[in-house]
Amino acid sequence: MLVLASLGSWLPFAIVGLFIICFAILFILRYQQKRRRDYLVTFVCSISLIIALLAASLLPTDVIFVSFMKYPNGTFKEWVSNPTTRDHIQKYIEVGYYVLYGLVIFMAFLVNPFLFFYYEEKQETESNTIPKRIQSAIKWTIGFLLFLFVLIILGIFVPQLATLPSDNSTSEWDHVKYLIDHFDSSRIEDSISFSIFTISIIGFFLLTIYTGYGSIACPLSLIRGKRSARLQQASIEDQRSEIQRQIRLLKNRYPRHIPMPIREKHRLAELEQEDAALCRNEESIINVRESLFFKCRYIYRPVQIILGIFLFILAIVIFISLLLSNVNKCINFVNFKQIFAQGNQTLPNPINIILTWTGQFYPISYIFLTGLLIYIIFTSLYGLQQLGIWYFWVRMYRFSRGRTKPQAILMLCSLLMFIVVAINIFVYLLIPQYAIYGDQHYSAIGNNGTIIIEKCTQFVKTDDCQMTVMGRIILRFFYKVWFFGAIYFCLSWIFLVIFLASFILKLFTHRESNIQEYTVDRLLEGDGDEDDDEPLIQ
């Protein structure tokens, strides 16, 4: 029975793992430059994405395992009636988390930075030899390693020195303290956790921006569709006609024997650059209108609308669930040192209700939770592609399918790694009870002596319910270093604000273009090089 239960829990993870490998490789190949593709970058970025996505996909398996351990009446099943057996099973999951998170740290602080700065040196000075590029990349990478070393040292000592809440202590806090003390951790685990949760703060900040925008903008884009290609082509042609008219006027005003003033030369150059950009846009829109995909738009457009409505409903449910979860923490607020432990449900949580109900019909709950993670990841990618990377008001990189340079694809993978690592924290804030105990119940004796069945929460004895490994890691770390939990809680409110602002912005702005439009700046940056055989269609 133990073997069958383990197979039933690990088989979906293996299937998801195969999809992750295929997705990571195809995603990198799709976004890289076509003619200047570097297979070392392809390999490293694919490995980075696979590791991060596998770490996120462990959560549904973790939850399913603890849900499988109990009957609906709150008693443990025969194959896990022994606490030692339960701890032994979860030890494998815990090792999986720490191994994958260790690899994330290795890729994020060593491999990816080294390759990024190697290609930066290559782009800045093509004459640099390979040894010089490697030497320069190593210098920059040492800075990341020093930062990692500081995190490891802080991770060893900070959790041990953390002051635990003593004021306004409640009986619930005493239960959490008992629970955490029961699962005490070593300094090595604290050090890894400190490094990972520091990365997660960066990832959660990115998640609030890119996922907050993408989670609502993506469904609305599917529902609203794109602009009319015919009207867009007519608009581009009108703009070109006007610009070409201005160019002719300037040239006619200053024939060859009459010198043109410097100011007019600059103006002429600007007009010619705008005309070149519009020319590329005109080629692209013509390409779109002649494509088979565009001609079949009346077939796939209804599917787009239905999918958009479904994703829009899911986005609203996520927003409501996170809002109610945060409001619930505010209702039961004691102080920021205990904010992470306030998971008792005063208000209902829609996603938690759905997952608890679908838990009766395996593997629907696993599919729903995995689908939720996939939705968060894909909308994060949508946000990254639409917004790009900015340094204050300067756009550093934009991500276009088939045109992304090696440094940009490395940056994209690193940011996506940070976001994926933060997803487990986001899920905990979204559905705290389900992320810790799944759909477990326990039996208790009521006031009149009858046996009642209650849902498992973090305020019951550990012997009555089995925590997920991720829930244990999160609660244990937040208990020791409380300000991390406070930071995540504040960032979750920013996520809600960005979600609302993006909804209003997307609702009242123009529909998306049928093409990735060229501008003068993009042409000057080299996005229009001859390495692209044909215009890129969105």
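A Cβ is built for glycine as well, from the same backbone N, Cα and C atoms used for every other residue.
According to TrEMBL, the feature transmembrane segment maps to 6-28, 40-59, 98-119, 140-162, 192-223, 305-324, 364-387, 408-431, 481-505.
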When you check the transmembrane segment (40-59) against the transmembrane segment (192-223), do you get at least 3 Cβ pairs under 8 Å, counting only pairs 6 or more apart in sequence?
no
Six or more residues beyond either end and a Cβ under 8 Å away: which residues meet both conditions relative to the transmembrane segment (192-223)?
98, 101-102, 104-105, 108, 148, 151-152, 154-155, 158-159, 185, 304-305, 307-309, 311-312, 314-315, 318-319, 375-376, 378-384, 386-387, 415, 417-426, 473, 476-477, 481, 484, 487-488, 491-492, 494-499, 502-503, 506-507, 511-512
Are there residues at least 6 beyond the ends of the transmembrane segment (305-324) whose Cβ is under 8 Å from a Cβ of it, and what are they?
215-216, 218-223, 225, 347-352, 354, 372, 375, 379, 429-431, 492, 495-496, 499
